[in-house]
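Everything below concerns the one structure shown next.
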């Protein structure tokens, strides 16, 4: 008999003149060798099994997989499930942010940066990436850290001063602005469809903001004063544009910089900026209430968990379906706002949400189809 393991054959003596018993392997054939008939003693059908990549006398594919065959995913929808779970964790973190009473949004952002650093530091040490990155990429990493942390701080401020669903919907226009900014700075293609999606997103934002020069002075369905609502809207839009610029920078850097290093810059620069801003505004203080302290920790953990599951989703699923499934953020925001904040969204908000979600999904689907078309062309 011949022992085949790892594609190589080695002679195996027969024990006591008997053919050794063929062991039953697992379905994936992992960790168990394959026993093949010796030359000149092939059983019927062995040649066919060898062509199909199986070398034992067992029925294919019980002993080994055919070379070059792709490993099937353990669960086909696992990436989309991770996306939904990530959206849920981010939404719950936003809800807890609304529940905090005596902590400024900048201080919440500082705690979030601390959690990010604690998570990324072991990864930097393990992968030996260093803490500064390649010399030619450091300026891009600095801008990435500044813009990313600014987007987080502004978004947290928007969550605190305006309805949860409104702020969430505005942030979903980020893919549309990313396409526009990539056309400006990276010379990527920008079609009439992209322009249409951009106009849809702007329309949705206007329906949510409801500026007085378009909707009059009597604006209903907002939290607090209209001044705070307008400040929150401006903060959410600026956060969205900052996030879009961050994506453009990440595209520019590409795979030349490890993603752990990118997150590290984001956390370090964000923490430094938050600490400086807190001392300038004289807002640095530990929350007096034990509930707020618990919520701060939970916001950090939930934000970190959401980031991890989103990263895992993008590792095992295409970006297009993930971007579409992320619209569950909006659904969760509406549900949590109604159930726990007792704030019913207005029809203006619902209409704006439909416009923004439609534009974001349209952009994601178009980019997905373009990537599939490019992949097919490369195969040809």
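Cβ atoms are placed via backbone N, Cα and C, with glycine included.
What TrEMBL records for 78-209, 231-361 is domain 'EamA'. Residues or ranges marked as transmembrane segment in TrEMBL: 79-97, 109-127, 139-159, 165-186, 193-213, 233-251, 263-281, 293-310, 322-341, 347-365.
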Q. Counting only pairs at least 6 apart in sequence, do the transmembrane segment (79-97) and the transmembrane segment (293-310) share 3+ Cβ pairs under 8 Å?
A. yes
**Q.** Recorded stretches the transmembrane segment (263-281) and the transmembrane segment (109-127) touching, at least 3 CB pairs under 8 Å
**A.** yes
Q: Could you put numbers on the helix, strand and coil content of the domain 'EamA' (78-209), residue by residue per DSSP?
A: 110 helix, 0 strand, 22 coil
(Q) Summarise the domain 'EamA' (231-361) as counts of helix, strand and coil residues per DSSP. (A) 111 helix, 0 strand, 20 coil
